[in-house]
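Novice: Quick one: the structure is below, questions incoming.
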Amino acid sequence: LAATQPSTNWHLKENGREHHTSKFSSEELIVRRGQTFLITFNGTEKPEQNLIFIAETGPKPSKATKTLATFDISSTVSKEGWSAVLQSTNSNSVTISISSPHNAIIGRYKLSVQIGSSSPASLGTFVLLFNPWSSGDDVFMPNKAECEEYVLEEFGIIFAGNKNHISGFGWNFGQFQGDILNICLSILDRSLYYRQDPITDVSHRHDPRYLGRVLSAMVNANDDQGVVLGNWSGKYEGGKNPSSWTGSGEILQSWKKSGFKPVKYGQCWVFAAVLTTVLRCLGIPTRTITNFSSAHDADGNLRVDEFYDADGNHLEKGADSIWNFHVWNESWFTRNDLGPSYSGWQILDATPQEESGGIYQCGPASRHAIKEGEVDLDYDCPFVFAEVNADCMYWNYDPATGKKTLIFSKSTEIGDSISTKAVGRDDRVDVTSDYKYEEGSAKERDIFKKARKKLGLEDKFDPTAPTQEEIEQKPDISGKFKVAGSLEVGKDLNLLLVLENLQSDAKTVNVNMTAWSTLYTRRPVNEIWKDSISVTLAPKEEKQFPIKIKYPEYQQQLTTDKTIQVTALCHVEDGIQVLVQRNITLDNPAIDIQVLGEAKVNKEVVVEVAFTNPINTEVKDCVLQVEGSDLLQGIVELRIPPLKASEKSSTKLKLIPSKAGPKHILVNFSCDKFADIKTFKMVNVIN
């Protein structure tokens, strides 16, 4: 019997609703594993004939690799494998409910049916995703509000700045828009793992642990022509400045359009945001995490060394560094390899910092393992543990003699105000206590010792480490920088250097001060200012020295990260040196969005964006970039005429929302004097 080509009704609306996939705008069926879905097809003369279904995925489907399943009609849903249950029949069509196992491989499947003894006829293709709503799935998340946020929410807030001054900016993850799902699937098929052994790679795609690790490698361009090329030079010719992106969609689309050439350029939050988009798209609950004062311990000794010359300049010596902030991901899944207490949030990091297993990938590291100092567990726990716990050593280094002297060490500096967006609200939540015990507590020090011991650092002599005598030396004076006035681009920077004599005899101090513009990684870029003063402090006296850095002095030197490191190296006569430093992040001026009128599905609504030039010179080359999932297609870019001193510009644009619910509009404004002024606004769209 020649099989006629059956026509298939995939019940897109009903299945989409049941499977939480209705946000995808696709003509193809997209469902989640471990849950039944309906299909109706015709072309069966006698529906009661034995029907055999074939579901297959990957390059060489086979039962051995679980990439091929054949199953016939049964009376109940199978707990183990694939199954089909007859729902209804009429004269020439049949409706079947099909279910896949909880641990099925995710990806695109071809579904065929064999009727009686005829050869199999194709019913078409569908995409199978992870299912955080299903208790049998490795990514099961019992809290429904968390599923909504970490899988279905297309808007996020990423925290940045520094620990004294935390700021947040909006990001459009856009995981359900346009072609993003197909791009995510093609990322998997372009990984080194797939290229080396496609059959084995596909057979592991049931495992969120495996996919998380593969994707942490693929989101950066190192090793595998992955999605985003990192650049921390401060110079971004030939690409986009990392701080100018407002969403992942443009990045993923560009990668595909260019024939899969890495997109220029990213820094940590870009890698983390793109990884969030890909993992949420595939159904793995994921969020971005910002760690303030984040250590990059390049040599694995749980210690970060920073070097300063006699003038107080921060030297780029050694591979260790402390970043003002670093952004990574947490994804939610079980760790069958480690045991139940290590399940839950897992750390993944797509920023290319150190190689793991020969390529730039990081994680999944169990968050619980990090908190308990279990640094011997898979994957990359020592690196992540150091990011939030490393001890800091500040050294004075003399380039002429190569001699280094410890200025001071600090064990409470690293891993501060670890932050993520709240569930269902646009607020910051502090998760530091999920990463470590209270800083300065005995428990926290015990865990640090435990980690050092597991890494074999306790028993081995380290010639680069300071002596106990150096660590315990006590300075004669203390100092700090205080901020006086506002920290805003366009305004003068006013600081106070406060020095206090801790001793009961007078002290003479020579102070060398510098201010450098830096990247958010604290890499020095341009010197802004330097000065030196000589001070006599009476016994127990505290003195304040005002410092003013005028806007014209720093304007040309500032990086788009808007960060300045101010340092005072105090040489105390007959005493040890004291280093006073502060990392300052300047705020951009404000930009305002107003929605004029009510936002309704498929109805035009006007949005007004207003900006006032806060400085007393003209700003030019003004560009406004606007995006928002379900509010407008792609990115709208508008050029704005130059603005004189104190002049206000107001720009109106029209949106036609395509879906109801809380949506977010994101705005990015740049000109020759201000880079990437960002804001967002929630727009509640009604039907």
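Using the three backbone atoms N, Cα and C, a Cβ is placed for every residue, glycine included.
The active site annotation in TrEMBL covers Cys268, His326, Asp349. Here TrEMBL flags Asn389, Asp391, Glu439, Glu444 as Ca(2+) binding site. Marked as compositional bias 'Polar residues' by TrEMBL: 1-10. Annotation comment: TrEMBL describes 11-23 as compositional bias 'Basic and acidic residues'. If you look up TrEMBL, you'll see 260-352 marked as domain 'Transglutaminase-like'. Positions annotated as region 'Disordered' by TrEMBL: 1-23.
Situate these features within the shown structure.
Specialist: Neighbour list (Cys268 (active site), Cβ cut-off 8 Å, at least 6 residues apart, same chain): Trp323, Phe325, His326, Val327, Trp328, Thr351.
For Asp349 (active site), the count of additional Cβ atoms within 10 Å of its Cβ stands at 30 [all protein chains shown].
Contacts of Asn389 (Ca(2+) binding site) defined by a Cβ separation under 8 A and a same-chain sequence distance of 6+ are given as Ala295, Leu302, Ile414, Gly415, Lys436, Ile447, Phe448, Ala451, in order along the sequence.
Tertiary proximity for the compositional bias 'Basic and acidic residues' (11-23) is limited to same-chain residues at least six positions away from its ends with a CB under 8 Å from its CB atoms, namely 29-32, 35, 37-40, 129, 131, 133, 147, 151-152, 154, 176, 659.
Secondary structure counts, DSSP: the domain 'Transglutaminase-like' (260-352) has 18 helix, 41 strand, 34 coil.
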Novice: Of these binding-site residues, Asp391, Glu439, which scores lowest on Cβ atoms within 10 Å?
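Specialist: Across Asp391, Glu439, these binding-site residues, the one with fewest Cβ atoms within 10 Å is Glu439.
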Novice: For a three-state summary based on DSSP, what are the helix, strand and coil counts in the compositional bias 'Basic and acidic residues' (11-23)?
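Specialist: Grouping H, G, I as helix and E, B as strand yields 7 helix, 0 strand, 6 coil.
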Novice: Nearest to Asp349 (active site) by Cα distance: which of the binding-site residues Asp391, Glu439, Glu444 is it?
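Specialist: Going through Asp391, Glu439, Glu444 one by one, the Cα closest to that of Asp349 (active site) is Asp391.
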Novice: Within the chain of Glu444 (Ca(2+) binding site), which residues six or more apart in sequence place their C-beta under 8 angstroms from its C-beta?
Specialist: Lys436, Tyr437, Glu438
Novice: Quick check: with Asn389, Asp391, Glu439, Glu444 left out, which same-chain residues have Cβ atoms within 8 Å of the centroid of the Ca(2+) site Cβ atoms?
Specialist: Val388, Ala390, Ser411, Thr412, Ile414, Gly415, Lys436, Gly440, Arg445, Phe448
Novice: Across all the protein chains here, work out how many other Cβ atoms are within 10 Å of the Cβ of His326 (active site).
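Specialist: Excluding its own Cβ, His326 (active site) sees 26 Cβ atoms within 10 Å.
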